[in-house]
Amino acid sequence: MVHSVFTWRYGGREVFLCFSFSGWTERTRMSLMEGSSTNFQVICDLPPGCHQYKFLVDGVWRIDDQLLYGQDEYGGINNIILVNEPSPIPSSSHGPAFTPTMDIDSDRNLQDEASSSGTGHHEPELQLLDSDVDISRRRLCMHLSSHKIYELIPNSGKVFVLDAEVAVKEAFHVMHKQGLAVVPIWDSNRRQVSGMLTASDFILILIELHRNRAILTDQQLEVHTISSWKEGKSRLHGEAVGPAQMMFGRPLIRADPDESLKDVALRILQNKISAVPIVYSTKEESCPRLLHIACLSGILRYICRHIKNNLDYLPLLRQPVGSLSLGTWTSEIGEARQLLVLRHSETLSSALNILIEAQISSIPIVDGEGALINVYSRSDITSLAQDGAYTHIQLDQIIMSQVLEPVGGHRYQTCTRSDPLYVVMERLSDPVVRRLIVIDGSSQHVKGIITLSDVFNFILG
């Protein structure tokens, strides 16, 4: 048996702890902690294994949603605790199912052991059994299935929407000024969201202008609307294949507020998009309400907030990312998907074509030695909307060092192959961080890139 401490931190007159293995019938009284008016605690002897429990507070069943919890076979929501066998291995280990393994970087030095933020991770690297990976994934999937997307909607906030008749130039200027990578398009005639305007639209406009300057004059560009752009591109790519067809040959992808986090995340992944509008409508309302724009970083932030104190139940998250099958890496690491990088002397035209043809959101920019200088992403293209620069820029004559000079460096986040998965997830949960560049700690050479989509594809299997 293993001593396990349980705490209820939310007050009450009388609090009991109950477990599923007793059929919820046996109640263990919890005592008010000395010096506290809200915290109740009890120590129980539990056998090793996974146990479900909940609290009976003043006659009402409760769970602590700041701790790990999930849905049982009957649809009930309970807290979960994983009790490991007592082990002589230090507390940073995860039980007898793990065995020591060699460092994943044979040439790693102390600088590479530290994370890119300066925090060292000196826990022994441990290898998971396949069953442990499956258990961690299953628990994370259960967590995502047990929560609705409406839980991500803030109590107060704002959602930017652009009317379909707004000029394209003005639309991209707003996107750049507000730091938006995607924005819903409102159809006033149909009184509903009809589509999404993204940085990819702007890239395709630039590429089209570069290929055929006769399409629109500078004056026409000033008044060319979002709706006319979308209609024109739909006709142009009606018989196309590849990336263009994916962007323009499908209806609006949306989600309802009562859908689960897992369902929404899968929809984003399967359609290879960055966000979906959350739209609420009823039979009584003729005009659907746009509530929120859901994206993977928001879902990931929700996950990290709920599991940060329960990593012992999710041993997969303590594994170094270099030992896991996620991300895109250089050829020397031997992954199926090869990392694409661009020299700082290459042209903007090359960068935009790679982003569209390879269907990637960003590309690392390196110097002649392969060391990271900066990152160019699709959303960076909206900066050209300022002062109408996109109407006269020569894509094949301006090089990446010139493009990135006005924005400066340090606009990216990095990690090393030895950083735990949870550290990577925490950094990616920041809404302004959409990917992490994996670097060698000593040379700053780019080794790989891990995106939000990579993490969710790995978790959801």
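Just so it is clear, glycine is given a Cβ too, placed from its N, Cα and C backbone atoms.
Since the structure is predicted, the reported quantities are computational estimates derived from the model, not experimental observations.
Annotation comment: TrEMBL describes 91-124 as region 'Disordered'.
Positions annotated as domain 'CBS' by TrEMBL: 152-215 (among others).
What TrEMBL records for 335-391 (among others) is domain 'CBS'. Mapped onto DSSP classes, the domain 'CBS' (335-391) shows 24 helix, 16 strand, 17 coil.
Here the domain 'CBS' (404-461) has a mean pLDDT of 89 out of 100. Here TrEMBL flags 404-461 (among others) as domain 'CBS'.
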What does DSSP give as the helix, strand and coil breakdown of the domain 'CBS' (404-461)?
18 helix, 16 strand, 24 coil
